[in-house]
């Protein structure tokens with residue numbers, strides 16, 4: 001086995017989903033975009049088919065990848081369709097389209113009519129993130145239009161918190177409440193969801209009808225979660241980190257002084273020869289070349305990573321495994337980034353090994 005190994009505990013992911021469901025008392029939308037934050041979307045969707053009420057992905061291709069694994073659960077595509085071909089695929093596959101404006105509503109309505117197939121939609125509204133979504137001033141017009149489209153089922157209304165500030169989030173929540181009132185004049189049973197992992201920690205007033213949990217499913221909480229102390233205290237101890245990443249020893253031998261050649265001058269030491277091991281993990285596996293790269297055990301690294309390997313002090317038999325990522329928060333802190341990025345990057349060349357114990 002030459003790849004790094006990502007060991008993923010699906011039981012932990014399932015338990016984390018239960019913890020958030022218990023915290024909020026609402027429906028749960030499992031966010032499995034970006035290959036389930038690097039954990040493998042198909043396997044995660046299959047494991048959560050009994051816990052999740054819905055799945056959310058960023059891209060149409062991601063939705064198609066989990067279609068079977070979702071076991072009939074609805075799949076919401078968060079990125080709106082940009083043309084007829086995308087709208088057609090959403091409709092034919094029964095996925096839920098995100099509708100951020102009147103133009104997209106017209107596109108979905110027109111293509112559903114042309115295909116003679118029902119379409120499903122969740123309205124995206126802008127409460128402050130200013131990325132996707134319509135403003136309150138046009139929401140009524142879009143709702144009125146969609147109510148006139150018999151083949152389009154408008155099932156949801158959602159937005160996204162733009163920061164981890166309690167004050168800013170409260171302003172967004174109040175605006176979302178106003179927009180919910182507008183929408184429910186046209187669609188009384190619409191499912192409303194505002195919060196992802198951070199919002200779910202803020203209290204039940206932020207949960208509405210459903211929460212979209214991404215990072216929390218995989219055992220992590222946002223590094224900054226202002227005003228969420230009560231939620232963190234309630235759910236934090238129950239969360240289990242689902243992924244650990246291991247690398248394999250490729251070669252081990254004694255090196256003599258002057259032999260260490262790759263980026264070596266700053267690292268030459270007078271007490272060589274000593275036994276060193278080449279480990280099959282490098283910057284192509286998601287770790288940076290800099291000295292503090294967040295890799296577990298990196299203090300033993302003798303030189304910066306190369307693309308596919310690193311050299312460490314100490315002997316190990318070829319084939320032995322060592323952990324290189326056990327806590328994405330610690331890796332992220334060393335790298336100056338966030339755990340989301342770590343989880344999505346360190347498994348891009350990995351072999352996945354799933355456990356359910």
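Every residue, even glycine, has its Cβ placed from backbone N, Cα and C.
Look at TrEMBL and you will find 33 tagged as N6-(pyridoxal phosphate)lysine. Taken from TrEMBL, the feature substrate binding site applies to 131, 307. Taken from TrEMBL, the feature domain 'Alanine racemase C-terminal' applies to 242-355.
The recorded positions under consideration are 33, 131. Their Cβ neighbour counts within 10 Å are lowest for 131. The domain 'Alanine racemase C-terminal' (242-355) scores a mean pLDDT of 81 in the predicted structure. In the three-state DSSP assignment, the secondary structure recorded for residue 307 (substrate binding site) is coil. Across the structure, residue 307 (substrate binding site) and the residue listed as 'N6-(pyridoxal phosphate)lysine' place their CA atoms 27 angstrom apart. Summarised by DSSP class, the composition of the domain 'Alanine racemase C-terminal' (242-355) is 24 helix, 34 strand, 56 coil. DSSP assigns the residue listed as 'N6-(pyridoxal phosphate)lysine' to a helix in the three-state reduction.
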